[in-house]
């Protein structure tokens, strides 16, 4: 095993990377409230894992969506547990994200030189809220349907571009299959991809600049 390790070490300098990760200075003022961002990340990873598992059974059609969710909850092995964990983790992710934003704001973590870290964090907060809006509709029950109808109807109040925006969100003039397809694509592909991209921007900046000092 040592020869295998030495082979990788010679090419990748694994030990230097490990030393950099484990020897990062942590300021003495850091407490449990500075862990809220990490908890949010953990919830996101749980969301990815449980959401991926449910894609094997979920059918994004207006005729089968609700029945497929019922199948997950009542017949699929551990489906009830996977979906329940997905829902609980979603609520926890939103809560931790809100608390994290408040903590950063109240401790001045948005100030120079961490402005870009703050901006990417705000974008991640918006993406997190978007996950909630799009995921809420996927069971396509009465609550999900009317929630989508209300949310997608909000832009209609905007002059000139309101109606085109509504049609863009819904895929047609009314809520239907095109709307569900759009929300499913956003929830399972577009939003996770954007979230991963902004996380890859957010975390290296935190790593580079370190944790902000006490007020």
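Along the chain as shown, the residues are counted starting at 1.
Backbone N, Cα and C define each Cβ position, glycine as well.
Now, the feature entries from Swiss-Prot:
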- 35: heme c binding site (BINDING)
- 86, 187: heme b 2 binding site (BINDING)
- 100, 202: heme b 1 binding site (BINDING)
- 32-52: transmembrane segment (TRANSMEM)
- 90-110: transmembrane segment (TRANSMEM)
- 116-136: transmembrane segment (TRANSMEM)
- 186-206: transmembrane segment (TRANSMEM)
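Beyond the ends of the transmembrane segment (186-206), by six or more residues, the same chain brings 41, 44, 48, 51, 55, 114, 116-117, 120-121, 123-124, 127-128, 130-131, 134-135, 138 to within a C-beta distance below 8 angstroms of the stretch. Counting only residues at least six positions away in the same chain, the Cβ atoms of 46, 47, 50, 51, 54 sit under 8 Å from the Cβ of residue 86 (heme b 2 binding site).
The number of other Cβ atoms within 10 Å of the Cβ belonging to residue 187 (heme b 2 binding site), over all protein chains shown, comes to 21. In the three-state DSSP scheme, residue 202 (heme b 1 binding site) is classed as helix.
Remote same-chain partners of the transmembrane segment (32-52), defined as residues 6 or more beyond its termini with a Cβ less than 8 Å from a stretch Cβ, comprise 82-83, 85-86, 89-90, 92-93, 96-97, 99-100, 103, 128, 131, 188, 192, 195, 199, 211.
Mapped onto three states, the DSSP output places residue 187 (heme b 2 binding site) in helix. When the alpha carbons of the residue listed as 'heme c binding site' and residue 100 (heme b 1 binding site) are compared, the span between them is 8 angstrom. In sequence order, 36, 37, 39, 40, 121 constitute the residues six or more apart from residue 100 (heme b 1 binding site) in its chain with CB-CB distances below 8 Å.
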